[in-house]
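J.: Got a structure for you, written out below as structure tokens; questions coming shortly.
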Amino acid sequence: MVKFSKQFEGQLVPEWKEAFVDYWQLKKDLKNIHLLNTCNTKPANNRKPDSFSNTLLTSLKKFLFGIQQRKDETIQVHRKLASSASKGDMYETELLEQFAESDAAKEFFTCLDSQLNKVNQFYKTKEKEFFDRGECLKKQMEILIEVKTTLKRQRDKGVASALDSKDGPSVSCTVSSEDSVYSVKDRTEQEQQLQDDDSDDLEKDIAEPFPDTPRSDDMAKSMRMKTEDGKLRTLSGRVFSCQGKNIKLNIPLTTPSQTFSAISYLVREDLLNQSSRKSGPEGSKLKINKAKLHHAEKMIKRAFIELYKGLSYLKTYRHLNMLAFIKILKKFDKVTGKQVLPIYLKVVESSYFNSSDKVIHLADEVEELFIQHFAEEDRRKAMKYLKPHQHKESHAVTFFIGLFSGCFVALLAGYAIMAHITGMYRHQPANTVYMETVYPVLSMFSLLFLHFFLYGCNIFMWRKMRINYSFIFELSPTKELGYRDVFLICTTSMATVVGVMFVHLSLLTKGYSYTQAQAIPGLMLMAFLLVLVCPFNIFYKSSRYRFISVIKNIILSPLYKVVMLDFFMADQLCSQVPMLRNLEYVACYYITGSYKTQNYGYCMRVKHYRDLAYAVSFLPYYWRAMQCARRWFDEGQTSHLVNLGKYVSAMLAAGAKVAYERERGAGYLCLVVILSSAATVYQLYWDYVKDWGLLQMNSRNPWLRNELMLRRKIIYYFSMGLNLILRLAWLQTVVHSNFEHVDYRVTGLFLAALEVIRRGQWNFYRLENEHLNNAGKFRAVKMVPLPFHEVDEED
């Protein structure tokens, strides 16, 4: 049976962690009471009688204030009315005669009262915030219904035939003011939310983006102009008059392609309406076509989902805190032998956070509105969006993991025996063709799926330590991969890869020429790529498309607002430079047709390919540096610039290493040592201090942080030492140590695997620090921007 403290820690909302009951501090206070009771217990006849003055004071209090206490009461909880509406009622516990002289009990109840007051205040604040958001969303729905009704009425009257067929039916509205004004902070916070669309819309957006829909985007800075007050304004927001109201329409852009299409749309609109702007003061006409209306509806839908999620979090907040109070009061009664639970629990039950029912009513109202307007009166369909459930883990997955693991081990053993007999991996001129053409394919897949396997191990550990990685990565609970799914993908893929390599090597040993068998590794690589982009709903389609979307965001990293999953994946690519180099070579080998002529040295001789090797070594660090620059631009924190410097130093070290591999000169060797040493020191500092949150001088855990997930501190010290050793793997470039007659490419694969292992270790501690300290400042509930805003005529 899992302890309540573990359940409590695993279910609480990470961002609201400080607002929950400090259950662990209360347990410490209880432990102090228990120690005092066991160490300082005295016989009843040895207790000193109360002094005459204390007895007289107690009698006067009872007489003057009319305090009538029952004999079984040990405490009284007083409720102080709030001095203002913003502050909730405060509670203060008075200890009666049994606990009057116990300092430990006073500390416990003082802490308990402060926790109750904190919970009430936070709950009231969040309740008001969600209630105001709900009222705003109701107005948004009213405006949306009015505009849709007007659009439908115009279409029924035949207005659609006179409008542009490409844009579809639209509502013509008068522009009554200039573009809307946004501050940088508000705009960037809003842009982040629209990237977090539901999975169905995400897959649709990948295949069919809206070409003519103006939405506010990370590239919208190219469309903005400085105003006198220092704020920025965007061309995506216009104010129009419809149904007798002045309404401002703001549909933020989320992709660069949509930004360019928005620019062209606005330029075309300005050119077409230039004459009308000059003709009269009433202004130009703004068309709200069906695509714009669809995007506005999508934004409101997402806002309803986020509001409902926030209300669910608030319900969980109330439930967990109520359980925490009950559990800690039960423990207090057990330790002291008193009956405090019934007295204090009445106060907790009548307090604001437990007695208010506004959240429940608002959640029911949101459900009704969502079912009516976004689910076609289908409650089951609506609940798929509002209450997504995790998919159940199947025993078949576990069975196939074992099956393919056995196949992989058997095939790997057979392949290793055959390779040893034929001497393929020995450093001999006769084996050069195999090592230059086939081995890069095996090396590439080995590094890729080793990394994926370690990710599965990370998920297992995150779940075991109750690190809410799904919340931090903003993964859909219905589509996220569990560690069993990851292990299944790894075992299936590697069994396939090793099986194909075994067949290929068998054909070579039977006398088939390289020309006849060389297409097999290339066909296998093509098959994996086809599975990755397969449009059918098989082989974890949502995860594959999410992966493609994240890679796209990384490649265009300066143009997108950076979220946790994007820069986490970019960090993984920084550890996969050898895999990317192998992929580059294999692509060149098969695209140029060198596999037909066995001219494996062609790609190494071509100048463009050699120059591309520099780019491949730079790209992961460049993408990560651009993400740091973008985060600095959005958030304005200088720490992102310092982090950018880390990746610039890694780029310089990688470039020096590539140059040394080509020239093999003493000057390049010195350059590699200097740049790699500086980059290693830089990276170690950032690993320990920033990413892991360790090496804190004033921490209660020596050289660690204050809060730790693992009980054994020695694991952290061991991991720090192991990280140092693995960071120094680049020394192999200088030492050139070989294992007997093993080919240097095998040694390179071993060192690359060590870097992947180091990254897998880094992943656990990075998420642990994020879970404990919210270093990435993730939000429990996103504030989705709303499309419609009413504007006063004076404005």
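In case you wondered, yes, glycine gets a Cβ from its N, Cα and C as well.
Got these off TrEMBL a minute ago, pasting:
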type	residues	note
DOMAIN	2-346	domain 'SPX'
REGION	182-225	region 'Disordered'
COMPBIAS	194-203	compositional bias 'Acidic residues'
COMPBIAS	214-225	compositional bias 'Basic and acidic residues'
TRANSMEM	396-418	transmembrane segment
TRANSMEM	438-462	transmembrane segment
TRANSMEM	483-507	transmembrane segment
TRANSMEM	519-540	transmembrane segment
DOMAIN	604-795	domain 'EXS'
TRANSMEM	666-685	transmembrane segment
TRANSMEM	714-735	transmembrane segment
J.: What mean pLDDT score does the domain 'EXS' (604-795) have in the model?
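T.: Within the domain 'EXS' (604-795), the model's average pLDDT equals 84.
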J.: Count the CB pairs under 8 A between the transmembrane segment (483-507) and each of 396-418, 438-462, 519-540, then give me the winner.
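T.: Looking only at 396-418, 438-462, 519-540, the most contacts with the transmembrane segment (483-507) come from 396-418.
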J.: Apart from its near flanks, which chain residues at least 6 from the ends of the transmembrane segment (519-540) lie with a Cβ under 8 angstroms of it?
T.: 207, 437-438, 441-442, 445, 481, 485, 489, 493, 496-497, 500-501, 503-504, 507, 547-548, 586, 589-590, 595
